[in-house]
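TrEMBL annotations:
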type: REGION; residues: 1-32; note: region 'Disordered'
type: COMPBIAS; residues: 16-30; note: compositional bias 'Basic residues'
type: DOMAIN; residues: 104-284; note: domain 'CP-type G'
type: DOMAIN; residues: 123-282; note: domain 'EngC GTPase'
type: BINDING; residues: Thr163, Lys164, Ser165, Asp166, Gly213, His214, Ser215, Gly216, Val217, Gly218, Lys219, Thr220, Thr221; note: GTP binding site
type: BINDING; residues: Cys308, Cys312, His314, Cys319; note: Zn(2+) binding site
Amino acid sequence: MRRYGKDADEDDIRNRPARRGSRPRTRIRPKHEDAAEAMILTVDRGRLTCLVDAGTKKEREVVAMKARELGRKGVVVGDLVDVVGDLSGEPDTLARIVRVAERTSVLRRTADDDDPYERIVVANAEQLAIVCALADPEPRPRLIDRCLVAAYDAGMEPLLVLTKSDLASAEPLLEAYGPLGISFVVTRRDELETTGAEAVREHLRGLSTVFIGHSGVGKTTLVNALVPARQRTTGHVNAVTGRGRHTTVSALALRLPPPPGAKPGSKKALDPGWVIDTPGFRSFGLSHIDPSRVILAFPDLEAGTEDCPRACSHDEPDCALDAWVAEGHAEQARLYSLRRLLASRDTREGD
Ligand SMILES: Nc1nc2c(ncn2[C@@H]2O[C@H](COP(=O)(O)OP(=O)(O)OP(=O)(O)O)[C@@H](O)[C@H]2O)c(=O)[nH]1
Ligand SMILES: [Zn+2]
């Protein structure tokens, strides 16, 4: 079963090459034995920035486009690809992406719940950092719930990042999310300038973490503190595209600085973790979500679904979980949390 087969990727290109007569097209594709492996750092209107020879002295950024043979297959940030052509990384060069490796995870969203096109935002990330301000703007628990559902659906671990703790206490939110057992970290701008950034980085080491949050929650402040070198990269203008990275609407992968005291060349220094920044959004559409994947995030409740009707959403009157939990097999608070997450799939004003 291919779960993601028909999805429209964020950078999907819709014009198909015209069929030329009845000439049979060969199904054998060139092997590209000279191809180099690369990771996609950002996508900007069909131009993809790839990191080649990552972690070596020859590491460099190469701008590439999709080779025709990839057809409609999308390439997104975090994808591991094979590139051929001019891989020098010199200005005005353009390489070609000829293969995309199978993805270990796919974070998807729809612009809103009525949008039939779901977009793949990021591939191969392990963690989803949900950035939420404790005040200014007020926290939106339903939006957090929706992001959690997206994380569970994608098979990613959620991390709750609660910002602006100088303005309000984190206690009420942490109480509400306690039964879900989610990792969390609380930040404030003045601390991010000192020890706060490293405290957040500790949750990110060795992982690829996607940061999402709606406008104004302090995500930019946070990411800039986590990746101080970012300022430099955002000013960089690409010779091929003629555009600065600041114009990008796609996600952007940024490598964390190595942990303090890491030996140069050690695994810790070479794999310090990635922050994948995404554009702020107003809503997080979930029309593509399969509820049977959300229950996977509740292994303690899974056994209780055995007597459920076929294709039970676990949020309906006949669901077997109510009786099973009432018999004392699991905590009521866990079932309540599951139901709250499932209910967040329905659109309401303000989502
Ligand atoms: N009081 C307080 N303000 C903060 C904190 N972090 C960020 N801010 C302020 O909140 C505002 C929004 O911060 P940004 O970092 O731009 O937020 P963002 O989430 O990137 O927002 P967009 O750029 O709109 O997507 C700015 O005025 C920041 O200075 C904090 O910890 N405490
Ligand atoms: Zn059920």
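Quick reminder: no glycine exception, Cβ is built from N, Cα and C everywhere.
For the binding-site residues Val217, Cys308, Cys312, Cys319, the greatest number of Cβ atoms within 10 Å around a candidate Cβ is found at Val217.
With respect to ligand 1, the binding-site residues Thr163, Ser215, Lys219, Thr221, Cys319 contribute Thr163, Ser215, Lys219, Thr221 as residues with a C-beta closer than 6 angstroms to one of its atoms, given in sequence order. Ranking the binding-site residues Thr163, Thr221 by the number of CB atoms within 10 A of their own CB puts Thr163 at the top. Ligand 2 lies under 6 Å from the Cβ of His314, Cys319, out of the binding-site residues Thr163, Gly213, Ser215, His314, Cys319. When pLDDT is averaged over the domain 'CP-type G' (104-284), the result is 85. Ranked by Cα separation from Thr221 (GTP binding site), the binding-site residues Cys308, Cys312, His314, Cys319 are led by His314.
DSSP classifies His314 (Zn(2+) binding site) as coil under the three-state reduction. Cys308 (Zn(2+) binding site) sits 35 Å from Gly213 (GTP binding site), taking the CA atoms of both as reference points. With respect to Ser165 (GTP binding site), the closest of these binding-site residues in Cα terms is His314, chosen from Cys312, His314, Cys319. Closest to Ser215 (GTP binding site) in space, going by CA atoms and restricting to the binding-site residues Cys312, His314, Cys319, is His314.
A C-beta separation below 8 Å, combined with a sequence spacing of at least six in one chain, links Gly213 (GTP binding site) to Ile130, Val131, Cys132, Val161, Lys219, Gly280. The maximum pairwise C-alpha distance among Thr163, Lys164, Ser165, Asp166, Gly213, His214, Ser215, Gly216, Val217, Gly218, Lys219, Thr220, Thr221, the residues recorded as binding GTP, is 19 Å. Cβ packing within 10 Å was compared across the binding-site residues Ser165, Ser215, and the lowest neighbour count falls to Ser215. In the three-state DSSP scheme, Cys319 (Zn(2+) binding site) falls into the coil class. Ranking the binding-site residues Cys312, His314, Cys319 by the distance of their Cα atoms from the Cα of Thr163 (GTP binding site) places His314 first.
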